[in-house]
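Asker: I grabbed these lines from Swiss-Prot:
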- 2: active site, schiff-base intermediate with DNA (ACT_SITE)
- 3: active site, proton donor (ACT_SITE)
- 58: active site, proton donor (ACT_SITE)
- 91, 110, 152: DNA binding site (BINDING)
- 237-271: zinc finger (ZN_FING)
- 261: active site, proton donor (ACT_SITE)
């Protein structure tokens, strides 16, 4: 699943090509995504100028002169820049055609993503209204995590993956941040000290920023806006490394199911 770094990589890649241009055509080849593409999306978007491309958690916000298109890449989605006449591949479901012979193409084999229009400020949309702070913003730190964790018995990994606590920390980066902070993923969230949460908050931001610089993580489906893979997988310390030696102590990395998600940790380094 594309996580925050992959979505941010996409945002940085597509924005220079489409910001400031008007939509001249919308082509919907398959409307059945997680939520159906609005039937009147073409009528709504045609003639509107794109003013900005933002990210909120794992959502991309395409701001037009009036209204916003909210995009989520789901489990396997991607957005790429191409020429409008470039033949669509299988699973290329939606084209946004801009002035200047530019096309933003939405590709999603599993169709778990979405493209939704809102005329209101997107921050009020039900998908975004309850999101926690951005993990790369100054408003997010370990004190925020410690405050929300008080009295909670849920596993800390599930806690930091709750988008109401912090927006956009997915499975890959939760595993990696907890390893760097030396915290066992199953430890109850309410039984972790402020000092350890401060350390964890720093590592969450650190691992996300490092992945963005590497263009994201390629595991199965993710490629960036140009079709190139991300490279952060090459430096993953625990994720997808079950049975391999810990890069710090040599102990074999273990994998368990936690909250129905594959969870990787070092039994020696993480307590």
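Just so it is clear, glycine is given a Cβ too, placed from its N, Cα and C backbone atoms.
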Asker: For DNA, with binders 91, 110, 152, what's the maximum Cα separation in whole Å?
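Answerer: Pairwise Cα check on 91, 110, 152 gives a maximum of 42 Å.
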Asker: In whole Å, how far does the CA atom of the residue listed as 'active site, schiff-base intermediate with DNA' lie from that of residue 91 (DNA binding site)?
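Answerer: So the Cα of residue 91 (DNA binding site) lies 17 Å away from that of the residue listed as 'active site, schiff-base intermediate with DNA'.
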Asker: If you average per-residue pLDDT over the zinc finger (237-271), what number do you get?
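Answerer: Reported value for the zinc finger (237-271) is a mean pLDDT of 97.
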Asker: Helix, strand, coil: count each for the residues of the zinc finger (237-271), based on DSSP.
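Answerer: Summed over the zinc finger (237-271), the classes give 0 helix, 12 strand, 23 coil.
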Asker: At the Cα level, what's the spacing in Å between residue 58 (active site, proton donor) and residue 152 (DNA binding site), rounded?
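Answerer: Computed Cα spacing between residue 58 (active site, proton donor) and residue 152 (DNA binding site) is 25 Å.
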Asker: Compile a sequence-ordered list of residues in the same chain as residue 110 (DNA binding site), six or more apart from it, whose Cβ lies below 8 A from its Cβ; state 'none' when nothing qualifies.
Answerer: 74, 75, 76, 77
Asker: Of all the recorded positions here, 58, 91, 152, 261, which one's CB has the most other CB atoms within 10 A?
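Answerer: The residue with the most neighbouring Cβ atoms within 10 Å is 58.
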Asker: Would you mind checking how many other C-beta atoms are within 10 angstroms of the C-beta on residue 3 (active site, proton donor)?
Answerer: 22
Asker: Compare the Cα of residue 3 (active site, proton donor) against each of the recorded positions 91, 152, 261 and report the nearest.
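Answerer: Out of the listed candidates, the nearest Cα belongs to 261.
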Asker: Provide, as an integer number of angstrom, the distance between the C-alpha atoms of residue 91 (DNA binding site) and residue 261 (active site, proton donor).
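Answerer: Given the Cα positions, residue 91 (DNA binding site) is 26 Å from residue 261 (active site, proton donor).
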